[in-house]
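First the structure, in the form of structure tokens, and then the observations on it.
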Amino acid sequence: MESRLGWLTDLSTETGTNLRRTSIICTIGPKTNNPETLVELRKAGMNIVRMNFSHGSYEYHQSVIDNARKSEELYQGRPLAIALDTKGPEIRTGTTTNDVDYPIPPNHEMIFTTDDKYAKACDDKTMYVDYKNITKVIEAGRIIYVDDGVLSFEVLEVIDDNTLKVKSLNAGKICSHKGVNLPGTDVDLPALSEKDKSDLKFGVKNGVHMVFASFIRTAQDVLTIREVLGEQGKDIKIIVKIENQQGVNNFDDILKVTDGVMVARGDLGIEIPAPQVFAVQKKLIAKCNLAGKPVICATQMLESMTYNPRPTRAEVSDVGNAVLDGADCVMLSGETAKGNYPINAVKTMAETALIAEQAIPYIPTYDDLRNLTPKPTSTTETIAAASVSAVFEQKARALIVLSTTGDTPRLVAKYKPNVPIVMVTRNPRAARFSHLYRGVFPFVYDESSDSEWTVDVEKRINFGVKKAKEFGILVDGDTIVTIQGFAAGVGNSNTLRVLTV
């Protein structure tokens, strides 16, 4: 049997003619929100457009959607997915008097209050916090972070229902509208703010393909989002963002009801000790891999490329190790939203991911997934797992999967084949959200169904082979493995074949 260590000793660091299978998500901002730049991002490797609803108006986000769709008219390529990232429930400070920044020294004692009369009258003596229950959930000795941890305070005393006495642990400035984090404290904020609900309805109206749901703490939070999306948004994938200790603690229950996961390391690294973040990342990714649910690694992956043309070596290692951990997708934030080198950042991420994919010991990974997956599995999963085994044994160059809902490609992707998964579907939405699954190359087959099922199957397989040749996946003489159904309808994927192109 192939060993992990043996695999690494023979590792090639050349990209060669291999095709990257890890998807890349790009946050779109002022530097990239035009059709021409979006085309260049797609050519560089972008698969999913991310809109950050913590910033921008509906008019602006509408322009991102319109420009993304315009880019597909200018350059066909692979289908492009669009993701809506919610602002989520959060805690913020109030407005300082005259919007002035107030410097404070270390060991400075002051008051945090939920009294609304201070909402626009904060200073270096009293700071308003918009979380009414803060005095009920926190206790003396706890730490409060302000402005992503730039300022740290220790709670000295809970004075009454509205008031905390705190002491600064470092020097800094009191500013308006800064985020507040309560590490180690269970908060009871609602899953969705009114703004979030309005944003989700905007997403449904505009046909987004997935929602990145911020600050998810419980499984019920996911169900609440699904309820707001309603019947019209039933096909929108919900990707939970794990950003706090509660989300980590409740992860197993959350994983059962979500469509996928984002390990959002920014806020997570404030809510839990920073040295623990890498271990939590590995643990959550492993659980997602075993469950067959897509997982995204995000935040500060190539942060220095916001302003520099080359990444730090640590950043490149971070991207590569996220791929090795098992991430289906990696994400860029400020690098493509406001950065000076957005195209170069995507190219760097794409090349790094491609090399990292060659470092994965595929057969031992497959064996782990097969051995740890509870039995019996569904018929579709059994066929999916068998197809990946067939790829290894036949040294096939690709899998071609006929799918209606995208579920079979998801299950094939779970078992980490070392070749592309060519997905042929008549469902454009399924084609787009399938970018969440590592290795899936989706293509939309828009011909009408043939009355003879077997004829229709062969036409779609031939279409998949044709597209795979166009994209450099296959050449004549290659061996392929195909998955199809024995009859029309959802859930009938039960036939595996080995063919020669």
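Glycine is no exception: its Cβ is also placed from the backbone N, Cα and C atoms.
Look at Swiss-Prot and you will find Arg50, Gly266, Asp267, Thr299 tagged as substrate binding site. Here Swiss-Prot flags Asn52, Phe53, Ser54, His55, Arg92, Lys178 as ATP binding site. Taken from Swiss-Prot, the feature K(+) binding site applies to Asn52, Ser54, Asp85, Thr86. Per Swiss-Prot, Mg(2+) binding site is recorded for Glu243, Asp267. Under the heading site 'Transition state stabilizer', Swiss-Prot lists Lys241, citing similarity to another entry as support.
Feature map: Swiss-Prot annotations on the structure.
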residue: Arg50; record: substrate binding site; DSSP (3 states): strand
residue: His55; record: ATP binding site; DSSP (3 states): coil
residue: Arg92; record: ATP binding site; DSSP (3 states): strand
residue: Lys178; record: ATP binding site; DSSP (3 states): coil
residue: Lys241; record: site 'Transition state stabilizer'; DSSP (3 states): strand
residue: Gly266; record: substrate binding site; DSSP (3 states): helix
residue: Thr299; record: substrate binding site; DSSP (3 states): coil
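A straight line from the CA of Thr299 (substrate binding site) to the CA of Asn52 (ATP binding site) spans 13 Å.
A Cα-Cα distance of 7 Å separates Arg50 (substrate binding site) from Asp85 (K(+) binding site).
When each of the binding-site residues Asn52, Ser54, Thr86 is scored by how many other Cβ atoms sit within 10 Å of its Cβ, Ser54 comes out lowest. Neighbour counts were taken as the number of other C-beta atoms within 10 angstroms of each residue's C-beta; across the binding-site residues Glu243, Asp267, the minimum falls on Asp267. Rounded to the nearest whole angstrom, the C-alpha distance between Asp267 (substrate binding site) and Asn52 (ATP binding site) is 15. Using a 10 Å Cβ-Cβ cutoff, Gly266 (substrate binding site) registers 15 neighbours.
A straight line from the CA of Lys178 (ATP binding site) to the CA of Gly266 (substrate binding site) spans 15 Å.
Cβ packing within 10 Å was compared across the binding-site residues Arg50, Phe53, Asp85, Arg92, Lys178, and the lowest neighbour count falls to Arg92. For the recorded positions His55, Lys241, the ranking by surrounding Cβ atoms (within 10 Å, all protein chains) places Lys241 first. The Cβ of Thr299 (substrate binding site) has 20 other Cβ atoms within 10 Å, all protein chains considered. When the alpha carbons of Asp85 (K(+) binding site) and Phe53 (ATP binding site) are compared, the span between them is 6 angstrom.
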